[in-house]
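For reference, TrEMBL has these:
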ACT_SITE  E490  active site, proton donor
BINDING   W351, D352, K611, Q612  substrate binding site
DOMAIN    9-260  domain 'Glycoside hydrolase family 65 N-terminal'
DOMAIN    314-710  domain 'Glycoside hydrolase family 65 central catalytic'
DOMAIN    723-781  domain 'Glycoside hydrolase family 65 C-terminal'
Amino acid sequence: MNEWKLIFDNWDIKNQQAREAICTLGNGYWATRGACEEATQDHGHYPGTYIAGVYDRCERIIAGETVSHETIVNWPNWLYLTYAMDNGQWFSMDQVQVHIYRQELDLQRGVLSRYIQFTEPKGRETILQSIRMVHMEHPHIAALQWTIIPLNWAGRLHVRSALDSMISNGNVERYREMNAKHFRLLDSGFHQQGWLYAVTETLQSHIRLAQGLRTQVSGGNLLLQRNLQEMDMTIEEFVLDIQEQTPLQVDKTVALYHSRDRGISEPLEAVHHSLASAGSFEQLLRSHQKAWERIWDMTDIRIQNRPEDQLMLRLHLFHLLQTASPHLTDLDASLPARGLTGEMYQGHIFWDDVFALPFLIMRVPRVARAMLLYRSRRQQQAGAQAQQHGLQGIRFPWRSGSDGSEQTPRFQWNPYSHHWIEDHTHLQCHQNAAIVYQIWKYYQATADLEFLQSHGGLLTLQIARFWSSLATLDAMSGQYHIRGVMGPDEFHTGYPDSPTPGLQDNAYTNVMAVWTLQCARQVLQILPDYSRQQLMEILSIDHTDLEHWENITRQMFVPYHEDDLISQFAGYEKLHELDVNAYQARYKDIRRIDQILEAEGDAVNRYKISKQPDVLMLCYLLTVTELESIFSNLGYPFSLKLLQKNIAYYQQRTTHGSTLSRVVFGWIHARSDRSGSWNCLAEALGQDVHDIQGGSTGEGIHLGAMAGTIDLMQRCYGGIDCENNVLTVNPRLPETLEGLAMKVQFRQHHIKVQISPKSLRLDVSAGPSFPLVINVRGTRHVFGTPTQQDFPL
C-alpha cells in the first residue's frame, strides 16, 4: 500500500461530493475542490473555489424573521474543461461506459490526477488523463493538464476551456433557504496576449476578484480558435483534427488576485503580470513539488508498520498544511472548521485552532502567530460584544468571519422534523479561554516576547477581565458563579422547560476561566516592567483587580454530584437518563439525538446525554498536575481515581455527534486504556474518508478533528509538549504502534524525535543558543551542543 497516495479506483457519483471535499487542493491563500474538470454545478457535482478570509453577507427570511447571513464565497470555477467529438455532446461521465477509473490524491507532491478509459455510445474508446495543482510556492497560481488519447478513432474535436461565473453558493442542502450567488460579473473578455479573464465583485463586502486563464493545446491539427461569452461563462474554444493513438494535450494555467491583496496596484494588472511569468505546466509542477518537499521535510509524522493509518494521518496533515500553510502569514485569516473544502458552517472560525496550534507552533510558528493575529485584529468588535453583555474586557464570538462579530445563525434546520429551530450556541464563551491557551502555548514554544508585549499580553489580560466580570459572587456561599453560558457539548442549551437559554456553572467553562486568570498573572510576571505597567495603565488594572482575580481562582464554584462526579453544569444530576438502547434500536444512528428528540416533541435538555466530551475536555487541554492544582486551590477533591470514574460516567452518556469526540476520548484513554485509545484514534482517522458523520464530508472535511488526530500523535502518544519554558518528552505509545518519528522546533532549535516501545532518540541540531533543557520523562537533561542521545523507556 502506498502511504502517500489516496486512491479511488471506481466511479461513484453518489460519493462524488465527499471525494471532491477530500481531494481539495489548496495553498493557504485559496483552494479548489476536487470536482471533475468537465462538471458544472449540478446534483452530483459541486465545483468550489474559496479564498481564505473572504466573506460576503446577505439577508434572508428564515422562520418568518429577516436574518443576516455571512459566508465564505464560492468564486468562478476555473477548472471547466470539456470536449465534444464531431459536434456531438460535451463529455460527461454519465454518458460513457467506464472500463478503468482511477483517481489519485498524491499527498507528497500535492497533486490530484485522474485516469479514465471509457467507450462512448458510438463505440469510440478513449483514454483521458488529468493532473492538477494549486501552487504551493506561487500562491496566486493554479494549473491543470489534460491528455486525451483516441484509441480506436480519429476525427474532429471541439475543446472548451472556460471561467464559469454561473457558479453560486449551494453546497449545503440544509442552507437551501440561505444559499445565494455572492458575486456579480463586472467584466470579462480576452487579452491580446492570448488569455481570457473575468472580473467579479462580492455583493455586500465589495471585494473585487480578477481571474486570468491561459489555455494551450498541442498534439492535433488546429483548425479554429475562438472566444465566446455564453451568459456568465467566458469560453475559449479550439477545433482540431486528431489522429488515432495520437495524444492531445491541453494545459490550463490560472492566476487570481483580489482587491485586498497586498503589494499590488490593481487585481487584473497583477493577474497579467503573474500569467506572463508563470512558465509552462511542467515548470510549475516542478517548483510546486519542491515547495511541498520542503513542507513535508519539517512536518511529516511517521508511524511504523501501519500503512493505512500512516496514509490517513498524512491526509490529515495535508489538509491542515494546505489550509494553515506558510502563505497564511501574509493573510488576515485563520482556521475554518471545514477548511477551504466546502460551505458547511459558512467558512466560519470556531475554536478548531486550539487543536491545531500545538502542532503548528512546533513546525511553522509564524503561521501560529498569524492565526493569533487574526484574533488580535478583532479586539474592537470583541470589546463591543463584552459591552453588549454588560461586561468588561473582550468576548470573542463562537463563530467569527470577516470582522469578528458573532456569526452564529439565529436558526438551524432540523432534517428530522423539517423545522427551523433556534440556535443558542452563541452562548458558548469557552473559546475565549482557548485563545489564551494558544497564546500561552505559543509563547512557551517560541519565547516570542515581542508578540507577548505587542499582542498576546493585551489579549490575555482583556480576556481575564471578561471572565472576572462574568463571574458573580454569591455572598451567602462566598463562591463565584458563571451563568447564562454553554459548554462544548452543544446538546445542552438550557434547562428543561426554561424560557431562557443558558446554563449555570458549566464545569469546563468555570475551570478554564480560573486557568485563564492564573495564566494572566503569569503573563504579567513575564512582561518587562515597562510593558507591564503600560498594559495595566491602558486597561486600568490595579492591584485591587489582581486580588479580585486571585479570589476567583480560589472561590470559583464547580458543581459535583454523588460526591466524586463533576457535574457538567449545576443541576445536571436532576436530568433524566435516556434509554439509549431503545433509540438505537429505532434509529440506528443517534449521534444527533437532539434533532431526533425535537422531532418527537421532546427536548435533549431533559436528558443526561452529550454530543461530545464537555467536562472531560479539561483532560485534553490541561495535565493532571494542573487540574489537581486548580481543584485543590478551589477546595475540591481531584485524583486519578476520581478522573477514571468521571470518564466512565460520561463516556456512557456521549453520542459522538461531533467529530472531535473520538479525538478527545482517544486522548483521555491514552494512559489507562491504550487499546481503547487507539480504537478512538483509528475511528477519528477514518471519519472523513469513510464519511461516517451522516454523509457530511461532501460539505467540507472536519479540519478540527483532523488537527486533533495530529495533536494526539504529537502531544499524547509522543508526549512532546512545552511546560514551564522547557520542552518535555514523555512518550506513551499504544501497543499497536511500533514506532513514531517526527521533527519539532522549540525556541529555534530543531530536534528529531524517534520513539520505539523501548527507546527514545533525540537528535538536537544547532540553535541560537545553548544550553537547551529538555525534560525527558520527568528528568531534566541539558544539551550543551548539537548532539544525539538515546534514552531507555
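Using N, Cα and C of the backbone, Cβ positions are placed for all residues, glycine too.
Keep in mind that TrEMBL annotations are predicted by a computer and have not been checked by a curator.
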- Per DSSP, what is the residue count of the domain 'Glycoside hydrolase family 65 C-terminal' (723-781) in each of helix, strand and coil? 0 helix, 33 strand, 26 coil
- Task: Tell me the Cβ contacts of Q612 (substrate binding site) under 8 Å, same chain only and six or more apart in sequence, or just say none.
- Result: P488, D489, E490, T654, H656, G657, S658, L660, S661, V664
- Determine, from DSSP, whether W351 (substrate binding site) sits in helix, strand or coil. coil
- What same-chain residues, at least 6 away in sequence, bring their CB to under 8 Å of the CB of D352 (substrate binding site)? L335, P336, A337, L703, G704, A707
- Task: Would you list the other residues of this chain near substrate - those whose C-beta lies within 8 angstroms of the C-beta centroid of W351, D352, K611, Q612 - in sequence order?
- Result: F350, P488, E490, S658, L660, G704
- Message: For a quick check of packing: other C-beta atoms within 10 Å of the C-beta of W351 (substrate binding site), how many?
- Response: 24
- Query: Looking only at Cβ atoms, how many others are within 10 Å of the one on the residue listed as 'active site, proton donor'?
  - Reply: 20
- According to DSSP, K611 (substrate binding site) sits in coil
- Which chain-mates of K611 (substrate binding site) that are at least 6 residues away have a CB under 8 A from its CB, listed by sequence? D489, E490, F491, R591, D594, T654, T655, H656, G657, S658, S661
- Taking the domain 'Glycoside hydrolase family 65 central catalytic' (314-710) alone, what is its mean pLDDT? 96
